[in-house]
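Trainee: The structure is given below, and queries will be raised subsequently.
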Amino acid sequence: MKDMLPNEIISKQQQLDEMVLEFKNYTANGATASYIPALKKADPNDLGICMISSEGTFIKSGDAEKSFTLQSISKVISFILACKTRGIPSVLEYVDVEPTGDAFNSIFRLELSHPGRPFNPMINAGAITVASLLPGDSPTKKIDSLLSFLEKMIGRKPMINEDVFLSEWKTANRNRSLAYWLKETGYLLCDVEEAMEVYLKLCSIEMTVSELAQIGLILARDGIHPYSSELLFSPEIASLTKTLMLTCGMYDYSGRFAAFVGIPAKSGVSGGILAAIPPSARVLNNRSTSWGIGLYGPAIDKHGNSTAGVKLLTYLSKEWNLRLL
Ligand code: DON
């Protein structure tokens, strides 16, 4: 990676600090997720961000040292691993790539659409199916294969927050309904309770914004690790995943996020957001730098996205010319 001029790093750091300070005010417009008791305990005023570029810039600001559970951001990782181990065509037999515009835990399209294949892997129905496709013949092995894959990306095997897992496990009636429906229609390759354990434990993996930013940069660089240069997954998988993030990654706000922010991102109800910004192909925006972004702001809006996080990314994307199209 090329070295960046120290002055440029300082000015980007200052700009980011100022933005985080200003956009922290928007945390007041949201609230921590109350449907998962353990998430309610987060500090709603927190806002932290880390950005890592392919040119070696590493900047973070705000409450950037806290760890939080991935929640729906884990859907990105499990989709990549399922594609890597089974191949894209085989995974797409079980899950489509079509946005829904519905809430993440919506059930009604599963019955309406024929033959019942979940619409995409970024909503719960699709992610529960993908959990059942992961390598390993037991929940423990499936979870371990995902944790080992994450270890290759971030350099350590992350922990599962048992408190969050248990509080979700006890209240997962809607997710169990989705899983039973998927089992009935042939879109679940293991038992309902096994798929639930895998899906909910993956949602409960704990990480920091720096680690998320590193994953974002690997995605932005089409699967190539920024430090080891190892190819962790194929450019085809990276491209498909970023497309799904852009079209389906921000729940039923995905269209507006793509229109007004214009970067591939995936959020979770813990307030985390993972974003991957590849070099631009636009003639007017000849940007050759890739960025990975990790963000945490646990006060979320009615869609499930961090209120301050969405505002900050909207501004940042415009100011730093990050949008793809
Ligand atoms: O399924 C759930 O309710 C959560 N564990 C995941 C929540 C989330 O971030 C929204 N999902 N798409």
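FYI, residue positions are counted from 1 along the chain as it appears here.
Cβ atoms here come from the backbone N, Cα and C positions, even for glycine.
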Trainee: Which one, Tyr94, Tyr187, Tyr199, is listed by TrEMBL in the same substrate site as Ser72, Asn124, Glu168, Asn175, Tyr251, Val269?
Mentor: Tyr199
Trainee: Highest Cβ count within 10 Å among the binding-site residues Tyr199, Tyr251: which residue is it?
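Mentor: Counting every other Cβ within 10 Å of each candidate, the maximum falls on Tyr199.
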Trainee: Measuring Cα to Cα across Ser72, Asn124, Glu168, Asn175, Tyr199, Tyr251, Val269, which the record gives as the substrate binders, how far apart are the two most distant ones in Å?
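Mentor: Pairwise Cα check on Ser72, Asn124, Glu168, Asn175, Tyr199, Tyr251, Val269 gives a maximum of 19 Å.
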Trainee: So if I measure Cβ to Cβ from Glu168 (substrate binding site) and keep only same-chain residues at least 6 apart in sequence, which ones fall under 8 Å?
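Mentor: Non-local contacts for Glu168 (substrate binding site): Ile36, Ala38, Leu200, Cys203, Ser204.
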Trainee: Show which residues of the chain containing Val269 (substrate binding site), separated from it by at least 6 in sequence, have their CB under 8 Å from its CB.
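Mentor: Counting only residues 6 or more apart in sequence, the Cβ neighbours of Val269 (substrate binding site) under 8 Å are Ala33, Tyr35, Ile36, Leu39, Gln71, Ser72, Ile300, Gly304.
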